[in-house]
Each structure stands twice: as structure tokens, then as C-alpha cells.
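> Sharing a structure with you now.
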Amino acid sequence: MTERSIRTIDSQVMTGRAGRLRLTSKNPYVPRSAIIREITRETDSVSTFVMSFIDELENNSFSYQPGQFMMVSVAHQGEAPISISSSSLQSDFFSLTIRNSGRLTKAMHSLKPGNVIGLRGPYGTAFPLEEMQGRNLLIVGGGIGMAPLRSVVHTCCRQPDHFGKVSVLYGSQNPGELCFQSEMQSWKEAGVDCRLIVDAADNGWQHQVGLVTDLLTDEFRPQKKKDLALVCGPGIMIRFVIQRLEELGYSPENIFTTLERHMKCGFGLCGHCHCREKLVCVDGPVFRRSQLGVLEDL
Amino acid sequence: MRRKQWILHKDHLLPFLRKLRKSRSLVAPVRNSYGDTMYTEMNDLDNESIELAEQPQNSLKSFFFPQREKLCHYSVDEAVGDSAQAYRFYPSLPESRAVVYFGVRSCDMFAVMYCDTIFLGGRERDVYYDARRRNALFITLACNHPFENCFCNAARTGPYLEMGYDLQFTDLGDRYFVEVDKARGREVVQQWPQFFVPAGDDDRQAHYQAALESRGLFRRQVHVDLAVQLLDQGEEPQALLAELSARCQDCGGCAFICPTCTCFNIVDQPLSDDRGERVRTWDACTFDGFTRMAGNHNSVQIISQRVTKRFYHKLRDDVLRHGRSSCVGCGRCVGMCFGGVDIVRFIDGLCAADDKRSEKREDGHD
């Protein structure tokens, strides 16, 4: 086989970071085609897209960890970073939960099952699954920030014996913006303690009203020194939740958060995702609180 | 021991470059018809003249990382009958040409080394940069006469290089003192030994003298090390940054002219409904949209922090990530910015504030 033909195959089929199988002479900018298998409408503006790669080889070699993200290409719209929202234990498919909030995501929401998008990745750091083994987990999400945390929740649901007590505190502006409501019953059945809160309730709302920090009562003080807290949501919410978690007794080593930034490459070159001296795409998006310093510019 | 120092007589320079050009393209500083000196690809050595007395207005950045380049083209085919929809990417890698870069200034050579770290030393190798960079030969020119805005002495990138070049030329009047660093430079000397005679003690003495004199000719005193140290100690000159941000006109000139500004944007440019190009373009962190996300959320306060990333990145973040500041001291941003928002202004302001504090402290002791 000539070098040219290898490169051709490489560029068409095997480019990108194919999970564990890292193939040589690859072009990290070339997306691989993936097909939308199923779309679940979560809220008026959020849907979960269940995806798989068109190429079977690609599917077999693809692996990721909760917290990592993909660079998503939609025809003519460029690329955007999107967190993976499914459990890494699930093999054939993976999910992306996307809010319709910009040009690319709007185009994404116009797609139907059977449509094709381009994907590169997975990129970035992950929630520390190994460190999480056997520990109690407090998962705090706000709005669309629940998407990467869902990946952790699904992992916990599939392997309940591997973790201690798992609690999910999830808040949004109003009940219509809470994602994953249809599957929360199954989370509870798997032993996850789920608490919901909204800023502004409607008539049918049976849970608390307020900010997600209001759920962080003394009940959620760490039971053991090694209990972990995982946080994702808007920057301002992350900041106040982390402050509250520290008041409750979580050490900065045991709080994890995942940040959102504008990104173009996903692997540390384009410079867009800086957060002080860190690049969110390679040093994050999942950070230990102790890595972050002041939280004003999240 | 392999000899590393040679003499090339100036009469032999053009014949030597002609030989090099037989198997390579030649890029050198050329004065164009507007009177501007630019690193330019030379097609005609007889009618274009190499200009070594002026600082080239551009750096070498665009030769390896063009201002606009196509990464791939893509096609979108709608589903027809049994065949599914298709959305495919076809990368277009540049050819890897052999190029000799002649008359490269020390700061510009240093900038290439920095770009290598960014594009080739990370998690993923940038194959586009690599293709252009792989077969480059660098013949640098030590600076005997620093230009008006130069401060490479303070940035520790010049005026003479100690490493990183293939060949370094030093002008000794009627001849060039030639030093060899990398293997590719050694091969050139071996391939055309007729141009090179071994340097003698007199030449070495003249070279040493020229280097010494050059160090004394800088007109600007820029305290790069102190600025790096202050930022490392956690200094955050908010008022200075806000003042400079207010003066910034968002033109991006500083980033584009900077030999080490490598931030880029990637966009799709549709050519028709079913095909288009994915293009990479230079970007500037001072631009409004640089950090703006969908939904208009921006982690940077544009009015007061527009220029923060630029200065912090060069003087603090790159020190933490790569062990040294990435300002090479070429002074181009000083000449470029009509608002006076250049890195020298920032460094001066940062150090002046520190001076004031020291004076206060001393007064306090008295």
C-alpha cells in the first residue's frame, strides 16, 4: 500500500482521535460522519440526539469518559463544542444534549433522525471515575449544565454497586426548562436521590422554589472526608454553588466543575478557550476546584 | 571536532543563494515598489534586490500559518431513495516545499521556534503547519544595528542567536561570519564547500566585537523580566488594563503583525447548497467575538478587559506553560498600534506602578 493510499483512507475513515486506537499520520481537524439515530425533546429549546458513527470501525474504536466533549459540525455552520451526555458504559450509541441557542445549534435542531453531522473528539478531561469509586457523590446541575452530569448519573445508575450514595440537585429557571424529566423516575429507581428546584414555579409544580443553592442545606454536608461534589451550570451558579459547598465542608480537592468556553479546535491550539493560564479544552473542561483560583471570571 | 564557524565573502553571497535556489524556493527581505521591506518569496534574483538594512514589516508567521487557509472542503448530499444522507470532509494539505529563508532576524527565528512549540508540540500535531515547516532551511542574520522599536535584548531573543538557526550570518563589512547550529545548516556547508573558508582568530574577534557593540545600541529600555516577575507574583494592574482597553480600537493589527500570535478561527464558507470549504483564519483575542458564546455569554468584560488576554498570555501564561515569555521583542506592535496599546506601553505601565510602590515603601521606612 502506498503512502498516498494510506493517507486517503486515513483522511476519509480513520482521522481524528479514535478513542484508544490512535492511528498514525492523522489530521486532527477532519470530522468523521455520524448519523442521528433518535431525537428526544427535553424542553422547548433542548433536545437529546442519540448518535453513532456511520463507519463501523469508528464505532468499535470510539471510547470516551463522562465530562468529555465533541466538536460538532453541522453542514455549512462550522463547529461547536458539545458535552457528551450519555454513559461511557453504553457501547453502540452516545448522546449529545443540545440547547437551541446559536446559529449552529439552531441548525442542529432542524435535523431529523437519519441526518448526518460531523464529529471530532472526544476531547478534554473527564470526571474522575476511578476516584469516584466507592464514594458518596453530590451532583449539582443548573439548566443545560445537567448534560455532562447526566453522563455521570447514567454511569452511576448502571453500576450502583460501584458508588456510595448518589444525590442529584437540579435547578432551572422554570419547570419547562428542566431537562431529562422523563428519565428521572428511572434514576430514582436506581437509587439516586433526586431533588429539583426552579426560580419561578407554575401551577403543577410540586417541588421547591428558589435557587439551587437553597437545596444545599446541612443535609448535604459531606458524610465522609472523601465525599465528592460535581457541579455544572452557568458560571455564576458554579461560583455560588462552590462557595456553598466549601461552607458545607467539601475540600477544594473534592469539588469538580466543568466549564464552558468558545472553542475552535478542541485540542489546545486555537487559543479561544482560555481561562487565565489554562486552556479549557485540554486542561479542562473538568477542573478540580483547587485548580481554579478565584471564580469571578468563570 | 566539526568546524562550526566559517567565512563567506559578500561577493559570494548571490552565487551561494543561486545554488541554494536550485533545489529550494528562496524567501528573503525584499524592498517592494512601495518602499516597504517584506519577507518575500523571490522569483528573480537578478531584478529583485535583497534588503538587509531594514526590518521586514512582516514576520515569517504567514509562511507557515497563512492568514487564510483551507483546511478541508466538504460535501452534503441529500438522501435519495435507499442511499442515506452524506456529509463528508476532504482535507486539503499544502504541499511540503523545500524553502530557504534568508536574512531572518533573530526575533523572527525565535518566533518560529515558539510557533513550533504551539503547533507541533501539543497533544495533536498541526499537519498544515507541519507540511509548510518540515522542509524549511533558516539562514538568519544577526542584528548589528537594532531598529527603533526593538527590545530583543530584554526579551532575550537577540540581537544574536545562540541556537535554533541552521546558519547564522553576521555582517563583518566585506564578509559574513557564518555559524552552524542545526544539521541542515551543516549539510549546506558540506554541499558547497567552495563558498566557505574556515574562520580565523581575527574573524572571531571581529564577530565578538560586533556582538558586543550591537548590545549597546538599543534605544529602548523595556523591563520584560520585571513585568514577567510582577505578573508571576500575582500583580493585576486592573486600572492600566482598563485604560489600554479603552484606547484599543479593535483592529486586530497587533495580533496580526505579531510573530507569535497564533490564535485562529475556523469557519465554514458555503460554495453552494451542497458543498463548501472549512477555512482557518488568523484571529485576535482583542476582537469582540473572540470569547463570545452562543446566547451572547462572554467570559471577558470587553470594555475593561479587551487587551488583558493578549498581555497576560505573552508575559504570564506562556511563562507558566512553556517556560518563557512569548514576546520576542521585535517591536512591530509598537509601530502598528495607532492607539498606543502596544506591549511596551503595558510593560512600562506595569513597572512604573511598581516603582511608585517601591518609592512609597522607601518613604515609609524613612
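A Cβ is built for glycine as well, from the same backbone N, Cα and C atoms used for every other residue.
Annotation comment: TrEMBL describes A:C265, A:C270, A:C273, A:C281 as [2Fe-2S] cluster binding site. Marked as domain 'FAD-binding FR-type' by TrEMBL: A:29-129.
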> Can you break down the domain 'FAD-binding FR-type' (A:29-129) into helix, strand and coil residue counts using DSSP?
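Final tally across the stretch: 14 helix, 43 strand, 44 coil.
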> Sub-8 Å Cβ contact with chain B: please pick out which of the binding-site residues A:C265, A:C270, A:C281 have it.
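Checking chain B against the binding-site residues, the residues within range (Cβ-Cβ under 8 Å) are A:C265, A:C270.
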> As a test of the contact definition, list every same-chain residue at least 6 positions from A:C265 ([2Fe-2S] cluster binding site) whose Cβ is closer than 8 Å to its Cβ.
A:P28, A:Y29, A:M71, A:C281
> Enter the number of other CB atoms within 10 angstroms of the CB of A:C273 ([2Fe-2S] cluster binding site).
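The answer is 26 other Cβ atoms.
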> Starting from the Cβ centroid of A:C265, A:C270, A:C273, A:C281, which together make up the recorded [2Fe-2S] cluster site, report each further residue of the same chain whose Cβ lies within 8 Å of that point, ordered by sequence.
A:R261, A:M263, A:K264, A:G266, A:F267, A:G268, A:L269, A:G271, A:H272, A:L279, A:V280, A:V282
> If you count CB neighbours within 10 Å, which one among the binding-site residues A:C270, A:C281 has the smallest count?
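Looking at the binding-site residues A:C270, A:C281, the Cβ with the fewest others within 10 Å is that of A:C270.
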> Reduced to three states, what secondary structure does DSSP give A:C281 ([2Fe-2S] cluster binding site)?
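SS state of A:C281 ([2Fe-2S] cluster binding site) = helix.
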> What does DSSP say about A:C270 ([2Fe-2S] cluster binding site): helix, strand or coil?
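In three-state terms, A:C270 ([2Fe-2S] cluster binding site) counts as coil.
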